[in-house]
Amino acid sequence: MSCLACCCASATCGLCSSVASGISRKSARIAYCGLFGASLVVSWILRETAAPLLEKFSWINTSDSYTKEWYQQQAVLRVSFGNFLFFAIYALIMIGVKDQNDRRDSWHHGGWPLKMIVWFLLVVLMFFVPNVIVSIYGTLAKFGAGAFLLVQVVLLLDATHNWNDSWVEKDERKWFIALLVISVVCYLATYAFSGVLFMWFNPSGHDCGLNVFFIVMTMILAFVFAIIALHPAVNGSLLPASVISVYCAYVCYTGLSSEPHDYVCNGLNRSKAVTASTLTLGMLTTVLSVLYSALRAGSSTTFLSPPSSPRAGGKEALLEDPEDGKKGEAEARPVSYSYSFFHIIFALASMYAAMLLSGWTDSSESASLIDVGWTSVWVKICTGWVTAALYIWTLIAPLILPDREFY
């Protein structure tokens, strides 16, 4: 039996080593996304199972007043802290990498067995850190999560403008018709969904002025987007305005659905099964949004591209690392995206994931609920307003600052 166990362990280690060594020959960016996804799964499992174990750690269980929810938050925050440190350290190491001849370029793409060991040790080490340090990290994570949401907003604005420009450049009647049809559908969906929100979050017989304000503000902003975008003095288009309107309506819904379940104006009575599915959807959305952020960060026209990187967008596939297969060339080739900013994205995403799984460290709700509480409500509502402000700024900035180049 022991011989069989040794053989299985040896085969498992060999498989892990083979997978890790093969990552460098594929896309390193996808591998980092996979590592981040693994950290989410670990956080989720420990959140549900590690509370009894953490109670036995004397350096964590320092008070008899700690609840099960507190231990669940500790498990999530400590895994997130280790994940954050891993990517933050890499972000610092990769500062200033401009070409593929830099030794740190190989550190970014290769060495995956060592990376996995370091990541694992950092996560384990965080369970021996004093509570006060984890508490400080939990506070800072709220701001980091907000920064991650802001990155998503900027990337959404960039994507909608690129989508509109690519269809306009085709200069064909069918594409203009497609732009108009999609824009009208998006606006109809925005106002129809807003009507549904009125039914869900403004039940009759209750004073739900705050919810009504949130929904009406979303509808007004959608109308303002169209007015400004279609103004003759603004070089705008209806497609970005309609897409941003749909996004703001969705963010409004997610904010309202995060209201406490005992709040009379929250018309969604969700069972534990639905809450678990909400968590699954939230985790999937987070992974996909981080993946998109990382890939968009690889674009030379988005965020912090190295000064030596090629500009004005090659047509390389985002899921392929252009560095692969070019290591043997003698001449110095510039890197195509900022490695440092790439890791910053994942560091901030680790904070956001911790807030998602811990309910923004709000202890007012039951431990079985995910992403519920007034903190979550206001974060999401403010995200929608920031999205609106940034979009309006992209429209009016060329008028206010005519000497600046914005495209």
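Each residue, glycine too, has its Cβ placed from N, Cα and C.
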Correct range for transmembrane segment (source TrEMBL, candidates 36-55, 276-295): 276-295
Ranked first among 75-97, 143-163, 175-200, 212-230, 336-357 for CB pairs under 8 angstroms with the transmembrane segment (377-401): 143-163
Same-chain residues near the transmembrane segment (75-97), Cβ under 8 Å, at least 6 residues beyond its ends: 36, 39, 42-43, 46-47, 50-51, 54, 104-105, 107-108, 118-119, 122-127, 129, 134, 137-138, 141, 144, 306, 335, 338-344, 346-347, 350-351, 353-354, 357-358, 361
